[in-house]
């Protein structure tokens, strides 16, 4: 069937309908409070062989390849949106959750799988490893637009961006034990540290090279810069994979480096990758939905087993792993409970569940079906209730969830001009001053002020207030001088930097 579609206009029509339907689904998902990835998977299952029968798809190799490609794009987009100032204070707890937390979750879920599913110990631990990590795609998608406190949001995002390597390492390790019988510990420990260390270094190098190149190389069209940045995402993954290091970790680290650099075309790059990240999510989850046969997953036995594993994960494994991992960090009990509840599973466990199938592991189909149902259960119930839990525990901040304004300059790279955005804080010296008394360089001009959601046309008597967002047209040679002037703080108060540049 798929070959016939590929050779006709019907395939293009089907792709168009799937794309339009999936995008419209995001609107309904917001209103229903259901994570969009669940509905994307539902769309895939609907058009699959057990649904309308429009597409028959059962290629594990293609599903895995599409999943990896999509994860690279999603991790890169999420990493570029991650602010270093936010995640720097939570690096310790995030890394602890991404390593010790995943290891503890693997063991606890493995014990549950041993007695619930009747698997042998290695197979049970394999299932625990597959489902042991939180998913970046799910976390980034669900937290977007939520008023969760910055510290908690940063912890969850950093954890989800860095814990995939641990889950991949454990999954591959248990598969090797099942297929080869090798159980030597020292080589495995050495391999783990190499994958993490080399992935971190390669990601940092690629990220530095990417940010340097994006600013120094003058391309003919501003539309090429987002694609240029995307090339470094795939470079980070492939270079790390060739070095037997963690490709996903390298992608995330490179993205954080690039996203926190002063990029001439920051806004264009971020906006492109946000849209492309959505496209990757849609394609990945539809493919995974196509790959699943609902008649096999939604049987009574699989649903009962999956529900029990999900309960063990949500109510026992994740909370215990979180509380133990964060025992030496200053999180309150309510914050730990929230972090436990917000540990969403998504595409990564489903993609990892394909690995045993490709390796020919016994009971791999059972493992896949249970993992799939567990992920759906986790995402559906936890993802849809994150805001409610945060409000219940009074962990909601007053921050704006989404930018309510944006200005963009098109094709100004050759003009040597940037549009700089600056968020005015209470301790900045410019607060209370009128524009005519702020001595900006000759090649700098405040074009617009955003105040409480309204655009204010600036003139000489306009007074700067805390909370304002200033848009300044500035030559690149004068940018540092303007930045220094605006960042100056009142005597006796610490500096805060909320400056960005856009083009």
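Keep in mind that glycine also has a Cβ here, set from the backbone N, Cα and C atoms.
Under the heading domain 'RCK C-terminal', TrEMBL lists 407-488.
Annotation comment: TrEMBL describes 12-30 (among others) as transmembrane segment. Cβ atoms under 8 Å from those of the transmembrane segment (12-30) belong to residues 5, 36, 38-40, 43, 47, 54-55, 145, 278, 282, 286 of the same chain, restricted to positions at least 6 beyond its ends.
Marked as transmembrane segment by TrEMBL: 62-78 (among others).
For the transmembrane segment (90-112), the list of distant contacts is 121, 124-129, 131-133, 151, 154-155, 158-159, 162-163, 166-167, 170, 308-309, 312-313, 316-318, 320-322, 324-326, 329, 331, 339: same-chain residues at least six beyond its ends, Cβ to Cβ under 8 Å. According to TrEMBL, the feature transmembrane segment maps to 90-112 (among others).
Marked as transmembrane segment by TrEMBL: 124-143 (among others).
Beyond the ends of the transmembrane segment (192-210), by six or more residues, the same chain brings 165, 169, 229, 232, 235-236, 239-240, 243-258 to within a C-beta distance below 8 angstroms of the stretch. The transmembrane segment feature in TrEMBL is assigned to 192-210 (among others).
Long-range Cβ contacts of the transmembrane segment (222-239) within its own chain (Cβ-Cβ under 8 Å, at least 6 residues beyond either end) map to 72-73, 75-76, 80, 202-203, 206-207, 209-210, 213-214, 247-248, 250-251, 253-255, 258, 264-265, 268-269, 272-273, 276, 410-413, 503. According to TrEMBL, the transmembrane segment annotation covers 222-239 (among others).
As annotated by TrEMBL, transmembrane segment applies to 245-264 (among others). Through the fold, the transmembrane segment (245-264) approaches residues 71-72, 75-84, 87, 136, 161-162, 164-165, 168-169, 194-200, 202-204, 206-208, 210-211, 214-215, 225, 229, 232-233, 236-239, 270, 413, 418, 476, 479, 501, 503 of its own chain, all at least 6 residues removed from its boundaries and within a Cβ separation under 8 Å.
With a cut-off of 8 Å between Cβ atoms, the residues of this chain six or more beyond the transmembrane segment (276-295) that come close are 18-19, 22-23, 26, 36-37, 40-51, 55, 57-60, 62-63, 66-67, 69-71, 73-74, 76-78, 137, 140-141, 226, 230, 347, 350-351, 354, 372. As annotated by TrEMBL, transmembrane segment applies to 276-295 (among others).
If you look up TrEMBL, you'll see 307-331 (among others) marked as transmembrane segment.
The transmembrane segment annotation in TrEMBL covers 338-360 (among others).
Using a Cβ-Cβ cut-off under 8 Å and counting only residues 6 or more beyond its ends in the same chain, the transmembrane segment (366-390) has close neighbours at 32-35, 37-38, 41, 113, 117, 119, 123, 126-127, 130-131, 138, 142-143, 146-149, 152, 292, 296-298, 302-303, 305-307, 309-310, 313-314, 337-338, 341-346, 349-350, 352-354, 356-357, 396. Annotation source TrEMBL lists transmembrane segment at 366-390 (among others).
Nonlocal intrachain contacts for the transmembrane segment (338-360), taken as residues 6+ away from its ends with a CB within less than 8 angstroms of a stretch CB, comprise 35, 37, 60-61, 63-64, 67-68, 70-71, 74, 97, 126, 129-131, 133-139, 142-143, 148, 152, 155-156, 159-160, 164, 167-168, 171-172, 175, 178-179, 281, 284-285, 288, 291, 313-314, 318-319, 322-323, 326, 331, 367-368, 371-372, 374-375, 378-379, 382-383, 385-386, 389-390, 393, 395.
Counting residues 6+ beyond its ends, the transmembrane segment (307-331) has Cβ neighbours under 8 Å at 92-93, 96-97, 100-102, 104-105, 108-109, 112-113, 116-117, 127, 131, 337, 339-341, 343, 345, 370, 373-374, 377-378, 381-382 in the same chain.
For the domain 'RCK C-terminal' (407-488), the number of residues in each DSSP class (helix H, G, I; strand E, B; coil) is 18 helix, 28 strand, 36 coil.
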